[in-house]
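As structure tokens, the structure follows; a few thoughts come after it.
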């Protein structure tokens with residue numbers, strides 16, 4: 001079809017799927033499908049909360065290497081995108097675009113079910129699950145399900161004991177950012 005050649009038949013088959021749009025590898029609980037098994041395995045981290053890529057600088061962990069690399073720009077001081085309204089700086093232009101919506105009040109993502117609008121597409125998708133009752137993110141330890149992957153990540157800290165939010169004054173750790181803020185009021 002396109003004339004590209006490959007040394008391995010498996011690579012040719014994977015490439016052909018870009019033309020046919022065939023996605024035979026499917027996760028049944030969320031319905032997402034992929035053209036390669038490796039992409040399905042990577043996606044499963046969203047459901048399990050697995051974060052195998054740790055930042056050597058601060059210890060924060062990520063599900064994807066690409067997100068770790070973006071995060072590491074923070075430590076390198078590489079933040080070329082500045083908000084003209086408040087001066088906050090960002091390492092990615094997409095983060096600045098999302099941030100600007102705080103100032104403009106823009107909410108371009110609307111729910112067809114109830115009409116509620118959101119500034120982020122991910123917030124709309126999470127909201128839509130409240131209508132459908134879908135909870136695709138299950139805890140592998142206890143089976144409890146969540147409609148948002150971030151809720152699963154927070155929940156799993158109860159099992160692992162991870163406390164990534166530290167009080168700068170006394171060093172006490174917390175599993176939730178809101179608990180750190182609550183604690184800081186005691187100082």
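Cβ from N, Cα, C; glycine included.
Here TrEMBL flags 19-30 as compositional bias 'Basic and acidic residues'. The feature domain 'C2H2-type' is assigned by TrEMBL to 1-24, 25-52, 53-80, 81-108, 109-136, 137-164, 165-187. Residues or ranges marked as region 'Disordered' in TrEMBL: 1-30.
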With Cβ-Cβ distances below 8 Å as the criterion, list the same-chain residues six or more beyond the ends of the domain 'C2H2-type' (81-108) that contact it, or say none.
70, 73-74, 117-120
Stretch winning on C-beta pairs under 8 A with the domain 'C2H2-type' (137-164) (pool: 1-24, 25-52, 53-80) is 25-52
Sequence-remote partners of the domain 'C2H2-type' (109-136) [C-beta within less than 8 Å, at least six residues beyond its ends]:
29-30, 47, 98, 101-102, 145-148
Across the domain 'C2H2-type' (1-24), what does the mean pLDDT come to, as a whole number?
85
Long-range neighbours of the domain 'C2H2-type' (25-52), counting only residues six or more past its ends (CB under 8 A):
14, 17-18, 61-64, 134, 136-140, 149, 152-153, 156
Over the span of the domain 'C2H2-type' (137-164), count residues by DSSP class, listing helix, strand and coil in order.
12 helix, 4 strand, 12 coil
Run through the domain 'C2H2-type' (53-80) and tell me, per DSSP, how many residues are helix, strand and coil.
12 helix, 4 strand, 12 coil
